[in-house]
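Student: Straight out of TrEMBL:
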SIGNAL    1-21  signal peptide
DISULFID  Cys31-Cys51  disulfide bond
DOMAIN    65-215  domain 'Cupin type-1'
BINDING   Asn110, His115, Glu120  oxalate binding site
BINDING   His113, His115, Glu120, His161  Mn(2+) binding site
Amino acid sequence: MMKAYTVTVALFALAFSLASASDPDPLQDFCVALKDYSDSKSAVFVNGKFCKDPKLVKPEDFFYEGLNIPGNTDNKVGSNVTTVNVDTLPGLNTLGISLVRIDFAPYGENPPHTHPRGTEILVVLEGTLFVGFVTSNPENRLFTKTLNKGDVFVFPIGLIHFQLNVGKTNALVISGLSSQNPGVITIADAVFGSNPPINPDVLTKAFQLDKNVVEDLQKKFGHN
């Protein structure tokens, strides 16, 4: 009986830890992140950041300007992400939200990636996008949709997703994310561009590719 009780308690503890695996609710009105850690001796460390003394907080700590400026899409994928998170807007610390502006050149793409700490909700401001996400194993089910101006789409936390501009003109979206620092893992960069590189034998087996192909991909995505 005691053994069953212990197992039950352990399972509930595990479930609770998983359910709480997101940005915690704040226990104060705000906790503006310190950019200058020289003042950290008198500060409080909350959710990965030192907090500024509330008496020293200014309106500028809750302000970000420049999101109206288009990002440079002159790159290999034809897209640019401008991020507004706790690192660029200190007042977001402990509030559990952030946002990004994504600019797309014609036929530009935001490659398959995942946000390990946040759900994303996207609204199209200009252009036409083909978007989608893939569910976890074993189904790996693909959900896709073609979006036009004014359309909204949600990408669940942690799932691989993408956006592709299928139009002949530039496209623009704004996305909100359910974390002050949702993180991003671009699949190709992580797998073929890791530092140091993953042993090619591992990737050859995993992707059922010729080793020469794997090594070529590592050269394309590598940091060297």
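The backbone N, Cα and C atoms fix where each Cβ goes, glycine too.
Where the annotation comes from TrEMBL, it is an automatic prediction and has not been curated.
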Student: Select one residue from Cys31, Cys51: among these disulfide-bonded residues, choose the one with the most other Cβ atoms within 10 Å of its Cβ.
Tutor: Cys31
Student: Counting other Cβ atoms within 10 Å, pick out the least crowded of the binding-site residues His113, His115, His161.
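Tutor: Each of the binding-site residues His113, His115, His161 was scored; lowest Cβ tally within 10 Å is His113.
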Student: Provide the number of Cβ atoms within 10 Å of the Cβ of Glu120 (oxalate binding site), excluding the reference atom itself.
Tutor: 25
Student: Can you tell which of the recorded positions Cys31, Cys51, Glu120 lies nearest to His113 (Mn(2+) binding site) in space, using Cα positions?
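Tutor: When the Cα distances are compared, Glu120 comes out closest.
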Student: Compute the centroid of the Cβ atoms of His113, His115, Glu120, His161, then list the same-chain residues not in that set whose Cβ lies within 8 Å of it, in sequence order, for the Mn(2+) site.
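Tutor: Filtered neighbour residues, in order: Thr114, Gly118, Phe133, Phe155, Leu159, Ile160, Pro182, Val184.
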Student: What is the nearest of the binding-site residues Asn110, Glu120, His161 to Cys31 (disulfide bond), using the Cα of each?
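Tutor: Checked the binding-site residues Asn110, Glu120, His161; minimum Cα distance to Cys31 (disulfide bond) goes to Glu120.
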Student: Ten-angstrom check, please: count other Cβ atoms within 10 Å of the Cβ of Asn110 (oxalate binding site), all chains counted.
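Tutor: Result for Asn110 (oxalate binding site): 26 neighbouring Cβ atoms inside 10 Å.
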Student: Which binding-site residues (His115, Glu120, His161) fall within 10 Å of Cys51 (disulfide bond) by Cα distance?
Tutor: none
Student: Averaged across the domain 'Cupin type-1' (65-215), what pLDDT does the model get? Just tell me the whole number, please.
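Tutor: Within the domain 'Cupin type-1' (65-215), the model's average pLDDT equals 97.
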Student: From the centroid of the CB atoms of Asn110, His115, Glu120, the recorded oxalate site, which same-chain residues not already listed sit within 8 A by their CB, in sequence order?
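Tutor: The surrounding set, listed in chain order, is Val100, His113, Thr114, Leu122, Phe155, His161, Gln163, Ser175, Leu177, Pro182, Val184.
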Student: How big is the Cα-to-Cα gap, in Å, between Asn110 (oxalate binding site) and His161 (Mn(2+) binding site)?
Tutor: 9
